[in-house]
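One structure is given here, and the rest of the page talks about it.
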Amino acid sequence: MQASKQLRGSGMSSRFLYQPIQEVEAYCKPQFRTLDHQIYSSGRTEGTPFTIPNSLEQYCTLESSSANGSYAAYNSPSTVSFSPNGSPMSQQESQSYSLEPLHSPDNATGSPISGSCITDDAHDFRHKLRELETEMFAPDSDIFDSIENALESGTNIESLEMDSWRQIMDVISRGDLKQVLIACAKAVSDNDLLMAQCLMDKLRQMVSVSGEPIQRLGAYMLEGLVARLASSGSSICKALRCKEPASADMLSYMHILYEVCAYFKFGYMSANGAIAEAMKDENRVHIIDFQIGQGSQWISLIQAFAARPGGPPHIRITGIDDSTSAYARGGGLSIVGKRLSKLAESFKVPFEFHAASMSGCEVRIDSLGVRRGDALAVNFAFVLHHMPDESVSTQNHRDRVLRLVKSLSPKVVTLVEQESNTNTAAFFPRFLETLNYYTAMFESIDVTLPRDHKERINVEQHCLARDVVNIIACEGTERVERHELLGKWRSRFTMAGFTPYPLSTLVNATIKTLLENYSDRYRLQERDGALYLGWMNRDLVASCAWK
């Protein structure tokens with residue numbers, strides 16, 4: 001309450017802190033900007049290529065619901081695979097197709113994607129592996145039962161380390177899903193095919209898309225592990241894509257996620273606060289948003305400028321977005337421009353919208369429509385981690401774009417990113433980081449969205465699962481979810497010539513009030529000129545500003 005009074009007294013309305021009003025409720029459908037609708041494919045190049053038996057196909061069960069509305073869990077084996085065009089096909093058909101090289105839909109040459117698991121002796125390998133399966137997974141037998149009996153009797157187990165199996169048996173007997181996931185990822189990392197498949201068989205009985213947070217996350221992480229072993233990350237995401245909901249439903253899922261997770265409101269509120277503070281005395285304001293999505297971040301800021309003493313400034317917004325966001329939006333950027341223009345007109349705010357239909361990596365100075373005399377603000381909210389850096393491409397768009405923005409001499413640049421390290425980390429530490437990060441996110445969803453909520457599975461599958469699978473299953477240019485910690489972002493901004501811009505303490509106080517409406521497990525910390533939002537002891541989102 002005190003923070004709101006101070007904001008009003010300073011001349012800038014607190015409306016920029018997500019205070020939707022009746023006139024714009026119909027428009028305010030916030031976007032989930034980290035969602036990426038492109039089809040990911042596995043570019044795995046690490047380790048020795050090998051194929052996976054068709055029995056692994058039963059793990060690929062990311063369908064969110066059946067025709068009668070009941071949800072499919074991993075303890076119900078799937079009998080459906082997907083053909084190259086996304087249509088269902090039988091197991092027999094999928095077996096014959098699985099021996100064909102995987103191709104990217106954008107691969108005009110038709111050559112196999114690097115890292116394909118296809119080898120010249122694939123049939124022979126499959127035959128040998130099936131023989132092994134017949135011996136070890138025959139009816140009325142279980143490899144873990146056999147090993148447990150051997151451990152109890154003291155029988156020598158060739159090629160298996162006794163201590164390792166004892167530890168795994170102990171973890172499984174305790175039902176420790178998290179540790180079984182970690183053990184499975186370690187086996188995948190070590191190319192231990194036998195161990196990996198055994199653990200996947202156990203995991204399949206432990207995970208569920210309708211269970212506890214760790215069970216739900218575990219279902220998607222298991223999917224990623226299976227896809228990584230089979231080098232079929234693209235196939236999994238094709239299955240997800242062919243089941244993609246109507247655009248109106250997708251927008252609804254993103255809106256639900258925005259409402260139940262404080263991270264996105266926190267990010268947009270902190271960025272808007274920095275922009276409002278930097279532009280409080282300007283008459284002409286140009287905002288460049290590098291991934292505008294639905295444009296809903298700017299609703300509250302337009303309202304705030306409308307209430308400014310002395311009248312609002314002339315506002316020009318350049319919205320950058322590629323075609324992947326058009327699906328959820330229901331059309332091109334013209335939709336965003338019309339909605340924001342109508343909103344600005346209702347508040348008597350002079351307004352222009354400039355559409356730049358391209359990805360952030362394609363942006364050049366002449367794409368931005370910068371005009372002399374406009375005070376410039378640039379917004380990077382949940383977008384820079386999608387731009388490849390020097391570890392992926394010699395073009396290094398991540399740093400190139402920052403240098404380009406610096407050359408425009410902006411008054412303020414806002415950065416909001418997930419506080420996670422998945423960019424250059426090797427597979428196993430990246431798996432651990434993903435497990436840790438998304439465990440906190442799924443736990444926070446569990447607090448604010450009832451487990452029996454009919455849309456919860458759809459929200460998690462369509463807005464989060466694809467990211468998880470991409471981080472775990474894909475490599476090279478196909479892995480587009482490449483997060484970095486704020487320390488690394490700070491180095492990049494500093495090298496590009498930026499200096500820190502202080503965040504508004506009034507905004508911080510209002511964010512704290514917002515968090516009280518969610519859960520006392522959220523925590524807000526200000527460190528080294530940046531704001532961190534976390535869940536319990538895990539930082540999840542960091543926000544800062546530069547000039």
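Note: Cβ is positioned from N, Cα and C throughout, glycine not excepted.
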Given ranges 335-367, 401-433, the stretch to which TrEMBL attaches the annotation region 'Leucine repeat II (LRII)': 335-367
Annotated motif 'VHIID' segment (source TrEMBL; candidates 165-169, 285-289, 300-304, 505-509): 285-289
Same-chain residues at least 6 beyond the ends of the region 'Leucine repeat II (LRII)' (335-367) whose Cβ lies under 8 Å from its Cβ atoms: 23-24, 27, 290-292, 294-295, 298-299, 302-303, 305-306, 312-323, 329, 383-384, 386-388, 395, 397, 401, 404, 407-408
Cβ-Cβ under 8 Å with the motif 'VHIID' (285-289): same-chain residues at least 6 beyond its ends: 275, 279, 295, 297-298, 305, 313-320, 368, 370-371, 374-379, 381, 405
Confidence summary (mean pLDDT) of the region 'Leucine repeat I (LRI)' (175-235): 91
